[in-house]
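Taken straight from TrEMBL:
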TRANSMEM  15-37  transmembrane segment
TRANSMEM  58-80  transmembrane segment
TRANSMEM  92-114  transmembrane segment
TRANSMEM  121-141  transmembrane segment
TRANSMEM  147-166  transmembrane segment
TRANSMEM  173-194  transmembrane segment
TRANSMEM  237-255  transmembrane segment
Amino acid sequence: MGLGWIMNQQCRRWTTSRVCGATFLCCMCFILFTPTIPRSPKHHQFVDMRNLLGVPNTLNVMTNFPFLVVGILGLVLALQGGLFNISSQGEVWIWALFYAGIAGMAFGSAYYHLKPDDHRVLWDTLPMMVAFSSLFSILVVERFGQRIGLCCLFALIVAAFLCVVYERIYNDIRFCMIFQLTLPLAIPVIALMYRSKYTHSRYWFMFTGIYLLAKFEGVTDKTLYHVNNYIISGHSLEHLCLALIPVSLSVMLIYRELKFQRIVDVKDRP
């Protein structure tokens, strides 16, 4: 039994190394062998530009309000520690950063959509990248341990800032594209390959499904606007759909249970 477990762990490490190596190689090839990708002016041209009650791009601005509500409530509940099932202090701070990033998306995205341009878009992008970094790091904590997860969080936050700064200076969105694409897709892979110390891991796959649906709505902005008789655009629906991610993860935090506790994390309990 012990030998089988050891062989299984070695097989998992070998598979992980191959997946990480292949992902890194693909990212490097994309960066090295593709030309600079500047942010297109069309990126700031949304189909619904209605001005209601004196607010430019009204629905694209107002649909960010759910981020603020869920972000603040989640931040308070994560720090309070009564309702959410969180077993270590490190996880508390990472979840708090995630919900702070969600609340930051409300302010950043609303600010951007009031007057979409290249100068404001970073405030729309950065909070989302912080939230993704936090989510990925939380998953690492649950599967590998708190110390590794916190190191991962620090590295990803630094990488997020560098990607945004690079885009701002060189007008090249390749690094931001890789960052925003790789992390959401890596989360279900890790959730599938490694055992969590909590129950209700299926919510991580739900996160990916909601994210992909939201991106589809954003890409089909104009089409969805026409389909629903010009009531709400695909981009506004994307905002509302993305707000379901912190809602679903909050439900996970409420109902999940601890299956086992890692010895290295016991001393860090809140």
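Using N, Cα and C of the backbone, Cβ positions are placed for all residues, glycine too.
Nobody curates TrEMBL annotations by hand; they come from automatic prediction.
Values in this document were obtained by computation on a predicted structure and should not be read as measured data.
Remote same-chain residues near the transmembrane segment (58-80) are listed as 46, 48, 50-52, 86, 92, 95-96, 98-107, 109-110, 113-114, 232-233, 235-237, 239-240, 242-243, 246-247, 250, 253 (criterion: CB distance under 8 Å, separation of at least six residues from the stretch ends). Under 8 Å from some Cβ of the transmembrane segment (237-255) lie the Cβ atoms of residues 60, 63-64, 66-67, 70-71, 73-74, 77-78, 83-86, 95, 98-99, 102, 105, 109, 135, 200, 203, 206-207, 210-211, 213-215, 217-218, 221, 224, all in the same chain and six or more residues away from its ends.
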